[in-house]
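Taken from TrEMBL, the feature transmembrane segment covers 95-115, 136-161, 173-189, 254-272, 292-311, 323-346, 366-387, 408-431, 494-515.
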Amino acid sequence: MSYFVSPEFARVLVLGFITSLHMTWRRLVNQIVPVPYLDEVFHIPQAQAYWLGKWSQWDPKITTPPGLYIFSYIVNSVRDFFYLNFKPSVNEWRAINVFLLYLLLVALYILTAVGRKTVNHDSILQREFSILSFPLIFFFSALYYTDLFSVFTVVLVYIFWSASTSAAGSMKALYQFLHFVAGLVALSSRQTNIFWVAVYLGGLQVVESVKRNIGANKVHDPPMSEAYFEDFPITSISIAQSALTAIPQLLLDLWPQIFLILTFAAFVVWNGGVVLGDKDNHIATIHLPQMLYIWPFIVFFSWPVLLPQLSHLSAFRRRLPRLSTTVTVIILMLVTVHLNTIIHPFTLADNRHYTFYVFRILRQHWLLKYAAVPVYFVCAWLVLASLGGATEAAPASKTVRILYGEDTVCVSLTLVWLLATSLSLITAPLVEPRYFIIPWLMWRLAVPEYMPRADKLRTVELEKRASASLKDHPASLSSSSSPLQTLVRTAAGYSMWLELIWYLVINLGTCYMFLYKDFEWPQEPGNVQRFMW
């Protein structure tokens, strides 16, 4: 009987609720939109051609490799073995992403176990539930798009890399080989995955190898909770210098990433470019403002994840950037906006996507794009600061700054994440929310899990010490327990619930708009158009 009041049983109920919502969403899409919509017009006929054995047929409008279609062929071949006269319909092709959604859930749990991440076993909600409900993942799970296959394969590669870091001998070689093979599959789903399966994981491998070979305490790599702006270039130099002394070992550790990069380079040479089709509308260019747009994107969707760093406002204030850093970064952002703002013709011509309306607002006055720069900066700082985890109450005695220590997220990981995110985004002239899914996912996986119960116990102990040493300063004590601080700390304690509820609200709104707020273009009467990401 005790099982029915345990966190495990409550998780089953929550997951069942999320699953029922997802199945309802899928059923409504198939009822109301029974024919291929938007990009499905290209994907479903191509998958159908492969199913019929027409392996040489290719739609020149498709820009990504055929990984999803081959995966779909394999899955449906298994289904064909068990069902007589199995003929995939639009519904059946879309069901591939339903399968992938729950494969992703399993893969995320395996990644947590293999990566030895800290888990709050007393919490009903877990990070994986929120990722499953993330609006862009949830939305496209009911359509035949390539995004879920791309995300799943990248997580799969991450699993094999994490396993290889703690293995040795033949098992390490096996995991590295699986890393390479899974990396090829990831590249077959989307070309920009090269920056995650090779560059991101390659960067993490360099840090791992350097620290293992020369000692973590000999590398300047402070935890994000203790880092200043100057720690970023110092960490880069420190790791680079240390890596130069261990090149032979690095080559052995990095061979999967190196061979993936070489394979990708060979593909680009053979193909005459990165994209497969529609090359005229997908010309690679330098588009630096993409690295400005991602910050409000993350804050909009994941603001509840940012709350734990506000749990102690006095400690949060110590994380504020210096004035010189703020001014310098804002100036660089203003220059970037002024010199490199690119608005793709597709963005301005297609009012079915929400980005159309965002850029229509920014284009209403020439000053608006500059007025948005402080918003970009604040959002960027909040997102990066969240990697330092929840703030803690300041101890009564003076503390020494930690320069060398182990933490969930160090400066090195942040640098590697910034590099991979930049490379995956700044070459795309089109601002597409789906391009931000994997950068968001890697950030979300890196944010330390908030343990409100453990934090509460630690806070009580520290406040007892503070009260003992600050009896003569009642003002300080009252400020530490102000109504605002209490409200924020309470909200931080329920941040995972707030995150899930917020995602459900967004999903409700966007799914409703897609299903029931259809419209027609005057130039295309009779063709129903729908709002979507």
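Glycine is no exception: its Cβ is also placed from the backbone N, Cα and C atoms.
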Contact between the transmembrane segment (323-346) and the transmembrane segment (408-431) (at least 3 Cβ pairs under 8 Å, separation 6+): yes
Top Cβ-contact partner of the transmembrane segment (408-431) among 95-115, 136-161, 254-272, 292-311 (pairs under 8 Å): 292-311
Non-local residues, at least 6 beyond the ends, that sit with Cβ under 8 Å of the transmembrane segment (95-115): 22, 26, 68, 71-72, 75-76, 127-128, 131-132, 137, 140-145, 148-149, 151-152, 155-156, 158-159, 162-163, 166, 445
Candidate ranges 136-161, 254-272, 366-387, 494-515 - greatest C-beta contact count to the transmembrane segment (292-311) (under 8 angstroms): 366-387
Within-chain partners of the transmembrane segment (366-387) [C-beta distance under 8 Å, separation at least 6 from its ends]: 224, 292-293, 295-296, 298-299, 305-306, 308-309, 319, 321, 326, 329-330, 333-334, 337-338, 341, 409, 413-414, 443, 446-448
Residue numbers, six or more beyond the limits of the transmembrane segment (494-515), whose CB comes under 8 Å of its CB atoms: 21, 25, 28-29, 32-33, 123, 125-127, 129-130, 133-135, 138-139, 301-305, 307-308, 450, 452, 530-533
Beyond the flanks of the transmembrane segment (136-161) by 6 or more, those residues with Cβ under 8 Å of it: 22, 25-26, 29-30, 36-37, 39-40, 43-44, 47, 64, 67-68, 71, 90, 93-94, 96-98, 100-101, 103-104, 107-108, 110-111, 114-115, 175-176, 178-179, 182-183, 185-186, 189-190, 193, 196-197, 201, 204-205, 256, 433-434, 436-438, 441, 503, 507, 510-511, 514, 532-533
